[in-house]
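This report refers to the structure that appears directly beneath it.
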């Protein structure tokens, strides 16, 4: 899978129309800070997932003195394809896949697969559980777009459940029971997907981590669920989850909110038995994230039969020479990669296509 042409029209600081003809290997974008390097990656991310990297509102993606943006790409994945996305300040959107209009941004999922790696990814270790859940959900949604619908339905029912817990309408206990059964059904499907992906990721990440650390460190990734011994309970998972919601009702009624559920689950990382978040150095945390990202790439290949597109946003300043070399070797001749950097790294310029960015202009 690779993008061969990208067009940006009034997207972020790319005013008017910018057309890029791209290499199917590595493309390097060099420029000072705040020149538009990350904005370019964000355009690719939007075409793949229907949202910005930082989840900003869509009208904030429009160039400051324009009233619309329009981005398109042609890409190859066993055949040539085209995706077009536009948006204006009247909240009108245009989404086309191979010239066929779509109604929802979620229809973009699964067409172009992307893995993004940035300095902010350390928050996957240091940040809140919601960041780790969002990371996992985003990966699964790219592999199985139906999963996005499951999550949407789960969140709707959860919202309604919390609403009746607060408002206590007439006969609300009967409604609460209906919501519990619905949540149990959605939870079963979602958790089975999450466990499946985690089981694949942790094997690939462990192998990569051993190579990165010369077999001195063992990385373990665990899914911490509100369901104890989750994998053992999969055959009767729906029934078990329904019982857990029933058992939690007294507390939920007291607090007027839902106190258990997969919306509170987490992902935990351990190196040689130590919690990476609490007890490992920042260098070990970076190695853990690098192992995870490379595992993502290989997982997409094993699941979809093609490598995803890799977006590397100013990560080379965060990696030492060994990790940087390992990363470049892992992606060489396999993965179309977009690299942003403020420095003209010698090892990059010798082999890859380089674009210079200044004030939203690309040369």
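Backbone N, Cα and C atoms are what each Cβ position is placed from, and that goes for glycine too.
Features of the protein shown, as given by TrEMBL:
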- 2-346: domain 'RecF/RecN/SMC N-terminal' (DOMAIN)
- 31, 32, 33, 34, 35, 36, 37, 38: ATP binding site (BINDING)
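Compute the center of the Cβ atoms of 31, 32, 33, 34, 35, 36, 37, 38, which mark the site for ATP; besides them, the chain residues with Cβ within 8 Å of that center are 39, 340, 342, 357. In this structure, residue 35 (ATP binding site) belongs to neither helix nor strand by DSSP; it is coil. A sphere of 10 angstroms centred on the C-beta of residue 38 (ATP binding site) encloses 21 other C-beta atoms.
Less than 8 angstroms from the CB of residue 37 (ATP binding site) sit 29, 30, 31, 313, 314, 340, 341, 357, each of them six or more residues away in the same chain.
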